[in-house]
């Protein structure tokens, strides 16, 4: 597999631009869809069902990962962008002409979930195929940083846009960003690293993916770490609104906290893009867990809203360092032929982390102090830092070659 020697080669630049504008459209559509469901049903519970339908297909992600590893990666990405873009455009047009209906909204949520189950594992291996290894740190940071900036812009402007124009135009804009992404992908050449030799069955590919993941403690631990990262963010979504209300700042204070948190993530990503490979991914992962644990420990002892605001930016920066470092570790350790299968496990674990945590917290959320929950979160993150450090010390800094590829290489020699 050959990669391009320059970071800002044409193929990476188009991939980066496409993802950035899609992130903006996705943020706008998220707000638009929430208000559309609320307008159609008048029920917050209906939004929960809609969200659940989006997350449910994540369980199919391992199968999706095995399938995308069998195809040229660009093909499923183009098809999925066209399908999702068309669906968003149709829903937006329908919303312009009257009530859409709850079944249609739930059907779109299920479709979006199915698309994400395939799209996420397929896209995880694109960036490391488009840039040389020495540029992966900058590329990963730029991808995450631009997406966070666009998401922040979408969240800040989405409410105003929906209020002024309604949900329909916002959904149509999102649909156009997916279609534009599909058009850009036609000009992106992604090297194809698929296995040599005879084609195996999908079931055999699934089994090979599981065996490959189990061959390394680091690969085996990555899905668990993805679950932890998403799980620790659950208390913010669930419990901070009530905390901000108790502190007298309400929804505005909650929005400011999330804005500062997202701003910290974006700033950290851009700083890491400037530093590039000077921040080793292994060290960054351990520091990310440790610093995130420290931030949550400090949040557990805050007593005023300004104190929480002061920590929000730093907490977001630490989470960004953690996410980017683990992404680079994935790119460094995973063999390109297994990007889809290992990536699908990360996606599944990451997606179920937040809803599982919310379900566990729901019965006790009103009885357990937020300070205690933040303290437990800090302890989990610090333990994860120690565990990841121990595993990384025993893991070679090189691609983990699957047994099938080693066998083919041995026969060729």
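Keep in mind that glycine also has a Cβ here, set from the backbone N, Cα and C atoms.
What TrEMBL says about a protein is an automatic prediction, not a curated fact.
Taken from TrEMBL, the feature transmembrane segment covers 12-37, 49-68, 75-98, 104-126, 147-165, 212-234, 254-276, 283-302, 308-330, 342-364, 370-391.
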Cβ-Cβ under 8 Å with the transmembrane segment (308-330): same-chain residues at least 6 beyond its ends: 124, 136-137, 140-141, 144-145, 148, 218, 222, 225-226, 229, 233, 243, 247, 256-258, 260-269, 272, 279, 281-285, 287-289, 291-292, 294-296, 298-299, 302, 342-343, 346
Contact set, same chain, for the transmembrane segment (147-165): CB under 8 Å, 6 or more residues outside the stretch: 19-21, 23-28, 30-32, 35, 258-259, 262-263, 265-266, 269, 320
Distant-in-sequence neighbours of the transmembrane segment (104-126), which means Cβ under 8 A and at least six residues beyond its ends: 15, 33, 36-37, 40, 49-51, 53-61, 64-65, 67-68, 73, 76-77, 80, 83-84, 87-88, 91, 94, 190, 330, 334, 336, 339-341, 343-344, 346-347
Distant-in-sequence neighbours of the transmembrane segment (370-391), which means Cβ under 8 A and at least six residues beyond its ends: 217-218, 221, 225, 228, 232, 235, 239-240, 243, 285-287, 289-290, 292-297, 299-301, 361
Residues of the parent chain within Cβ reach of the transmembrane segment (254-276), under 8 Å, 6 or more residues beyond its termini: 135, 137-138, 141-142, 144-145, 148-149, 151-152, 155-156, 236, 240-241, 244, 284, 308-309, 312-321, 323-324
